[in-house]
Amino acid sequence: MLTKRIIPCLDIKNGRTVKGINFVDLRDAGDPVELAAIYAASGADELVFLDISATEERRKTLANLVLKVAEKINIPFTVGGGISSVEDVDILLQNGADKVSINSSAVKDPDLINRLAAKFGSQCITVAIDAKLIDGEWIVHLVGGKVPTELNLFEWAKEVEKRGAGEILFTSMNNDGTKNGFANEALAKLSTELNIPIIASGGAGNMQHFCDAFIEGKADAALAASVFHFKEIEIKDLKEELRNKGIPVRI
Amino acid sequence: MKIVIIDYGAGNIQSIKFAIQRLGFEAILSNNETEIKTADKVIFPGVGEASSAMRMLRQSKLDLVIPTLKKPVLGICLGMQLMCTKSEEGDTTGLGIFDAPVIKFNNSVKVPQIGWNQISQLNSPLFNNIKELEYVYLVHSYFVAECDETIAISDYGVKYSTALKKDNFYGVQFHPEKSSDAGEQILKNFLEL
């Protein structure tokens, strides 16, 4: 049986792991390669590296870090941040990334999704969507959640699926950094209306929140950062708890 | 032991090279016919879209080389699928080593399947020291049904072949290089065949 995935996210700036509260006020939480190895050993199913400074600073690749991570760890990982071309993706995959995640560049150039899927296959193309609930409508935002677009979350999600995305990483800006739980209603709607895996992101504060994201939110995977980085939740304990609740996990 | 990873432009070969390194061996990346023919173990990786991967294989004439190999060959993911008769993905003709076609998951499940699933009915030395229902990492939209050459199955809406064997040819749908300690054990088993 396919299991639900637990994914620590390592936000990277200047080669170090950081996690912002609502994407500002950054705190340093360690060396990414070392953290990656610890997470792989502790039962994480997958890792995501997001260069959160990349879009603003136009930093191109994390190729060097990717190579170091690939050398050390034996679980899959996704890399995102500043990826805007077929060449960018080619370099990251060649260096050992399993998947790439694109965000702003997909909004600016939706055909990029088609080109990437055609060249590398849908299975390695994750489209990350940051959205904020404004006056009852989920609006897609760019540049780490700072710039609103005119896109509706659900319409955009369906379009990226049609264009060949292999999965969607949905971050609720309303929930991110709050530790009050994931945006389960929006997650469930995404998961029901689309036929590709949905990764829940933003709002994890305790173990029950993960449980809710899988049951109420129907998510295929759940991503979190600070609760793992600051050891508020141990992945082993979390997986035991999920299994006790009847949710299939790899232990 | 000479280990060659076939490098034809379609695959996450770096990860496989590193996984073999972690086991204490060195692998050569090559698309050279002589290198591949003189290897003790050959790994045939593949990530991406079937028809373009097959095109790259043909361009380097490796489609003619791989079926003639006599030493153990391990196809991984798309590599395994290209060793089959044909694939629905891009209406692709495969190498025909395994006598089974590759078909797409239907929409009763999310496609692609991404994540950790279990392998069972393990029936090969490839799975020495691997327990029934062990977890492995998979990312794929197409699959091979159960057939005479099946040596492991998984269940994703349908029971299907997660590993195949014919003579010296092995294929795994999952990524041993990304399947944690179990994956490394399976790679080790292959290197010890």
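Positions of Cβ are set from backbone N, Cα and C atoms, glycine also.
A coil conformation is recorded for B:Cys77 (active site, nucleophile) in the three-state DSSP classification, outside any helix or strand. The active site, nucleophile annotation in TrEMBL covers B:Cys77.
In sequence order, B:Asn12, B:Ser15, B:Ile76, B:Cys77, B:Val136, B:Tyr137, B:Leu138, B:Val139, B:Gly183 constitute the residues six or more apart from B:His175 (active site) in its chain with CB-CB distances below 8 Å. Here TrEMBL flags B:His175 (among others) as active site.
The active site feature in TrEMBL is assigned to B:Glu177 (among others). Sequence-distant neighbours of B:Glu177 (active site) (same chain, six or more apart, CB under 8 Å from its CB) are B:Asn12, B:Ser15, B:Ile16, B:Phe18, B:Ala19, B:Ile76, B:Gly183, B:Leu187, listed in sequence order. According to DSSP, B:Glu177 (active site) sits within a helical segment.
According to TrEMBL, the domain 'Glutamine amidotransferase' annotation covers B:4-191.
A simple way to gauge crowding: the CB of B:Cys77 (active site, nucleophile) has 27 other CB atoms within 10 angstroms, across all the protein chains here. Proximity to chain A (Cβ-Cβ distance under 8 Å) holds for the following active-site residues out of B:Cys77, B:His175, B:Glu177: B:His175, B:Glu177.
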